[in-house]
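**Q** According to TrEMBL, the feature region 'Disordered' maps to 1-46. Positions annotated as compositional bias 'Basic and acidic residues' by TrEMBL: 9-31. Per TrEMBL, the feature transmembrane segment maps to 63-83, 89-111, 118-135, 162-180, 187-209, 215-241, 253-275, 329-351.
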Amino acid sequence: MRPVRCRSLRAESESENKLDGETASDSESKSEFGGSPPVPTSDDTPEVLNRALSNLSSRWKNWWVRGILTLAMITFFFIIIYLGPMVLMMIVMCVQIKCFHEIITIGYNVYHSYDLPWFRTLSWYFLLCVNYFFYGETVTDYFFTLVQREEPLRILSKYHRFISFALYLTGFCMFVLSLVKKHYRLQFYMFGWTHVTLLIVVTQSHLIIHNLFEGMIWFIVPISCVICNDIMAYMFGFFFGRTPLIKLSPKKTWEGFIGGFFATVLFGLLLSYVMSGYRCFTCPVEFNNDTNSFTVDCEPSELFQLQEYNIPVVLQSVVGWKTVRMYPFQIHSIALSTFASLIGPFGGFFASGFKRAFKIKDFANTIPGHGGIMDRFDCQYLMATFVNVYIASFIRGPNPSKLIQQFLTLRPDQQLHIFNTLKAHLVDKGMLASLEDA
C-alpha cells in the first residue's frame, strides 16, 4: 500500500502546483533551465514626489504618482502632435526599439547564466532586418517620386525585397552556426522568442505609421481612446471597484471595465467632432516633392463633412430632437472606442500573463508608477492592427496618386496601351464625349 500512498501524495503535490498556475511542462522547463528568476524591480519614484506624498497611504500615494506622471505623458503627447508627422514617426520608431529592448532583456535576464552565443547580437540584427524591410516598403509607397529621382534609391527600391531576404538569410545562417549541443532546445526557444517579439512590436508599429499616413486623425483618435479607457477604467475601479474581472490582473474590476467603456465611447465622439473640423488632422499625410516636406492639405472627404441624421423615433421623445448634425467619422469613432475599451484591454491581460509567467511586476521601471514603455503600449499595438484592418475594410478605396505613380514607371508602349484602353472605356461610358462637348 505504500507505493499507492506515495503516488497519492505526488498527485496532491502536482495538483497544488497546477492550482498555482504551474503545469508539468513548466516544472520540466524549470529543471532544464534552472527556473526563471524574477527580474529585480525597485522603487524609482522621484524623490520630490516621495517627500511630498510621504504622509499618504501606499494606495493613495500610488494614485497620485500615476496621476501626475499620466498628465506629464499626455502633455508630451500633445507636444509631439504639434511637432508634426515626421516627429511622430520618429517617436513611434523610438518606442518600438524600447519595447523590443524591454522584452529581449527579460529573456536575457532569465537565461543569461547559460552564456548563449550571439543571442542579443542576433536579436538586434533581426530587428534591423525587419525594420529595413518594413520601412523600405513604406518609403517606396509614400516617397515614390523621390525614390525614382535618386539613382541609388531607385536601385535599392527595385531590389528591396531581395536585399531584405538576403539580410535575413544571413542572420538565419548565423543562428544555425551558433547552435551549441547542450543548449539546442533553449536556443530554439530564444529564436522563437525573438521572432514573436518582432511580430508583436515591429509589425504593429509599422501599421501605426501606415495609419498615420491615412490622416493624423486615424493616429490620434485610436491612441487617445486607449489612453482614455486606461485612465477611466483605473478611476472607476479605484473608487467603485468591488468585483474582480480576471485572475490575470487581480486589480481589474468589472466596475472599472464597464465605466471605462461608456466614458471612452463618449470621449471618442467628442474628440472626433472636434478634430473632424480641421484639415491638418483629416487630410492624408503626403510628401510634397517640390518642397521636400510633408503636407496635410486637401479638400475634406465626405467622411469629414457635417451631415444630418434622423434620430430613431424611440429616442426622439427622450432627447427632444428629430435630427442631429454630426460627422460620419463620429460613427466610425464608436467602433474604434468600442474596440479600445472592450477588446483592447485583452492586450494588457496578455502582457499580464506574460509577466506572471516570468514572475515580474513590470517590463521595466522606465516610468515611475507605470512600469516600462511596453506596459503603456501593450494595448496600443492591438489597437493599431484593428485600425489598419478597419481602414482597409471599410474606408480606403483605390488611391489615384499611387496608380499614376505606377503608370509613369511603365514603358511608353505599356502607357499607350493603358491610355487607349482607358479612352475606349470613357467613350463607352459617354464621359469623354461630354468633356469634349464642354
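Here the Cβ of each residue, glycine as well, is placed from N, Cα and C on the backbone.
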**Q** Under 8 Å, at least 3 Cβ pairs, sequence separation 6 or more: does that hold for the transmembrane segment (215-241) versus the transmembrane segment (329-351)?
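**A** Yes, these stretches are in contact.
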**Q** Counting only residues 6+ away from its ends, which parts of the chain sit with a Cβ under 8 Å from the transmembrane segment (329-351)?
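**A** Non-local partners: 217, 221-222, 225-226, 228-229, 233, 246, 248-249, 252, 257, 260-261, 264-265, 267-269, 271-273, 276, 282, 303-304, 363, 374-375, 378-383, 386-387, 390, 394-395.
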**Q** At a C-beta cut-off of under 8 Å, are there same-chain residues at least 6 beyond the transmembrane segment (63-83) that contact it? List them, or none.
**A** 45, 49, 53, 56, 91, 216, 220, 223, 227, 231, 234, 238, 367-370, 376
**Q** Which bits of the chain, at least 6 residues beyond where the transmembrane segment (89-111) starts or stops, bring a Cβ under 8 A of a Cβ in it?
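**A** Sequence-remote neighbours of the transmembrane segment (89-111) are 33, 36-37, 39, 80, 119-120, 123-124, 127, 131, 186, 190, 193-194, 197-198, 200-202, 205, 208-209, 212, 358, 360, 363-364, 366, 372-374, 377.
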**Q** Short question: which residues 6 or more past the ends of the transmembrane segment (162-180) have a Cβ under 8 Å from it?
**A** 116-118, 122, 125-126, 128-130, 132-133, 136, 156, 187, 191
